[in-house]
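Could you have a look at this structure, given as structure tokens, before my questions?
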Amino acid sequence: MTFYDHTAIEPKWQAFWADNHTFKTGTDASKPKFYALDMFPYPSGAGLHVGHPEGYTATDILSRFKRAQGHNVLHPMGWDAFGLPAEQYAMDTGNDPAEFTAENIANFKRQINALGFSYDWDREVNTTDPNYYKWTQWIFTKLYEKGLAYEAEVPVNWVEELGTAIANEEVLPDGTSERGGYPVVRKPMRQWMLKITAYAERLLEDLEEVDWPESIKDMQRNWIGKSTGANVTFKVKDTDKDFTVFTTRPDTLFGATYAVLAPEHALVDAITTADQAEAVADYKRQASLKSDLARTDLAKEKTGVWTGSYAINPVNGNEMPVWIADYVLASYGTGAIMAVPAHDERDWEFAKQFKLDIIPVLEGGNVEEAAFTEDGLHINSDFLDGLDKASAIAKMVEWLEAEGVGNEKVTYRLRDWLFSRQRYWGEPIPIIHWEDGTSTAVPESELPLVLPVTKDIRPSGTGESPLANVTDWLEVTREDGVKGRRETNTMPQWAGSSWYYLRYIDPHNTEKLADEELLKQWLPVDIYVGGAEHAVLHLLYARFWHKVLYDLGVVPTKEPFQKLFNQGMILGTSYRDSRGALVATDKVEKRDGSFFHVETGEELEQAPAKMSKSLKNVVNPDDVVEQYGADTLRVYEMFMGPLDASIAWSEEGLEGSRKFLDRVYRLITTKEITEENSGALDKVYNETVKAVTEQVDQMKFNTAIAQLMVFVNAANKEDKLFSDYAKGFVQLIAPFAPHLGEELWQVLTASGESISYVPWPSYDKSKLVENDVEIVVQIKGKVKAKLVVAKDLSREELQEVALANEKVQAEIAGKDIIKVIAVPNKLVNIVIK
């Protein structure tokens with residue numbers, strides 16, 4: 001039986017594409033543009049897994065589709081190659097992280113090329129290449145010049161095992177580090193910060209301009225966390241001190257019965273009384289060991305210590321004890337809160353635990369039993385009594401401003417971005433600290449500031465990066481003899497990935513980040529495909545940098561990515577025992593359709609789970625390509641289900657996709673191809689062109705493949721295949737299975753040219769409608785014949801055709817026809833006796 005020999009055909013076409021630079025980005029200014037971007041990978045030692053190609057295949061199908069539709073297509077790939085794993089490997093082995101990274105990139109590239117993706121490799125970028133990070137450093141110097149990069153002594157999330165501080169976004173909900181799962185402690189350190197907060201409102205507003213999943217927009221909105229309310233100033237009794245509180249509910253001020261400061265608040269030591277000093281100091285020490293997420297966990301037990309001082313409630317003169325508690329963060333709001341325990345669950349629990357007053361100021365609920373957190377009319381609130389929430393807030397803000405003890409205020413949950421890392425394998429921050437106390441940016445003419453090669457890359461232990469050990473790089477002298485030290489912190493991995501999509505547009509430019517005209521031509525990115533796990537971090541950082549570059553006149557658009565699509569996760573197969581514990585696949589055997597533990601004999605339940613090394617359920621694309629072919633892997637991953645769904649990997653599904661491609665190969669190579677159109681496939685062919693065109697455009701790849709299958713089934717029923725339909729079908733399947741598409745195109749045309757730029761097939765609307773219909777002929781209410789007739793025949797014509805039919809004539813011979821009822825396009829009913 002004829003079958004598709006992927007082992008010969010796929011390498012042949014991969015070599016053809018490489019030799020002919022088939023996918024070089026088009027530059028014809030008269031054509032529309034299409035910029036299809038993948039989230040570039042970190043080139044790990046493990047190589048690609050089958051989850052990577054899912055998103056890559058989607059953008060590749062779109063890129064091939066748009067090329068055939070006459071677009072200039074920019075479809076690049078590169079490497080997000082700085083980062084901790086390479087440094088960790090280097091420390092463990094003594095090898096240079098650059099060598100390890102280069103080997104990993106070569107392996108990733110081999111794997112990617114084996115999958116037939118149509119990348120323009122002339123535009124490849126690597127974030128660890130000095131010619132690339134020259135411009136990462138240049139962007140940093142611009143941030144510095146604009147006052148958006150600054151140094152501050154800040155409590156950081158310090159991870160002892162990693163020897164570095166990490167950003168808030170990299171701390172998991174359980175208070176451990178995203179990388180490695182290590183404990184995170186709070187520690188004050190000199191750090192570089194980026195003032196992303198200066199862009200909070202624009203980052204929020206401009207989400208309206210982009211076509212992104214609403215869930216991702218919501219995650220960014222929540223992270224930015226805009227709140228409108230009021231600042232209220234509280235004086236500390238018997239002192240000249242005061243503190244400010246931000247509240248979204250100034251209308252509940254009459255119910256504020258105590259205040260809470262963050263343990264790190266600057267006022268704490270100044271207002272703590274002598275008899276409370278030891279307890280306060282102990283509590284501050286304990287709080288410093290917890291991450292922000294652990295401190296604000298709603299489920300945790302409430303802890304706190306009284307400072308011994310009282311604040312004066314400005315609205316009624318009542319004394320309010322001032323406490324410190326770790327659920328209040330110095331970095332959020334003003335680092336101080338007014339507690340209204342009657343109407344806030346956390347304040348209520350705290351008040352109950354420490355026997356503090358609870359005064360209801362909203363009607364409804366029983367505050368002895370629980371906090372009342374719904375809306376109600378105001379009570380116990382003097383001039384606010386009887387007012388609803390909106391009216392009371394407005395009136396209280398007016399009162400605060402008139403009395404000079406508060407004002408209306410908008411705040412954001414978003415914090416400035418902690419940008420420095422105490423590691424070696426990252427972009428050096430281009431700043432020099434001089435002995436006269438000044439700091440300057442490295443001039444543009446001296447960029448890139450190249451990372452020095454050194455064997456000594458262990459963390460210094462002092463909080464500085466290993467670069468502090470490289471004396472000849474570290475120490476510099478100015479023309480006037482003043483000595484200086486280079487900044488030893490390096491940039492986080494997020495730096496290079498915050499702008500890489502811009503460098504793809506003009507990757508070899510030595511004079512500037514990218515040419516303005518080219519940026520105008522290609523921005524914004526038309527489709528960006530990647531995992532939803534980057535919803536806040538990477539996407540927010542990239543949007544921030546893009547807006548800064550927009551303000552500098554470097555880029556012409558406010559937003560970088562017009563449309564974002566998150567592919568789902570490809571899950572592996574896992575097995576669970578009766579206790580619910582996961583069992584590795586090499587400990588499982590299949591018998592009679594059931595699964596059993598090899599050692600215990602216990603029957604196991606099969607369930608999908610994230611692929612992991614420990615479960616031994618990771619599928620390597622190399623193995624799939626070798627056994628089934630790249631086209632099979634591509635078609636299978638697109639046919640599994642909707643692109644954004646998480647679906648379990650299945651060998652049976654893979655085999656089904658391979659059989660489909662074999663059927664396609666046989667159809668084109670063994671069926672007689674004719675120049676005459678019998679018309680039998682008119683409708684299904686035109687339906688297929690229409691459906692595949694629309695569904696690819698909407699990224700509904702699974703339903704597009706289903707329609708291709710419909711055509712193959714219909715075509716296989718015919719003796720011959722019309723040449724134009726054969727060619728059109730091959731064009732439709734080529735974006736999904738490009739090696740097969742190229743091979744079959746040569747079978748049909750022998751053109752010697754790639755199918756890639758052959759204009760996409762069009763469909764004939766008139767052929768979508770059936771020209772013939774089947775009608776039934778009933779005699780005495782029973783169906784006696786079925787006739788295929790031209791559509792829309794008149795009653796008279798229909799009657800004539802029915803009565804002329806041989807079967808009908810045999811039934812009515814010798815009978816009297818009483819009447820004939822003809823319903824066009826449906827039936828003919830003959831009444832006889």
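Note that Cβ sites are derived from N, Cα and C of the backbone, with glycine treated the same way.
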With Swiss-Prot as the source, identify the stretch among 41-52, 365-376, 401-412 annotated motif ''HIGH' region'.
41-52
Looking at 30-34, 385-389, 530-534, 610-614, I want to know which stretch Swiss-Prot calls motif ''KMSKS' region'.
610-614
Lys613 (ATP binding site) has how many other Cβ neighbours within 10 Å of its own Cβ?
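Its Cβ has 9 other Cβ atoms within 10 Å.
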Taking all residues of the motif ''HIGH' region' (41-52) together, what is their mean pLDDT?
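Per the prediction, mean pLDDT sits at 89 for the motif ''HIGH' region' (41-52).
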Give me the DSSP three-state residue breakdown of the motif ''KMSKS' region' (610-614), ordered helix, strand, coil.
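Secondary-structure breakdown of the motif ''KMSKS' region' (610-614): 0 helix, 0 strand, 5 coil.
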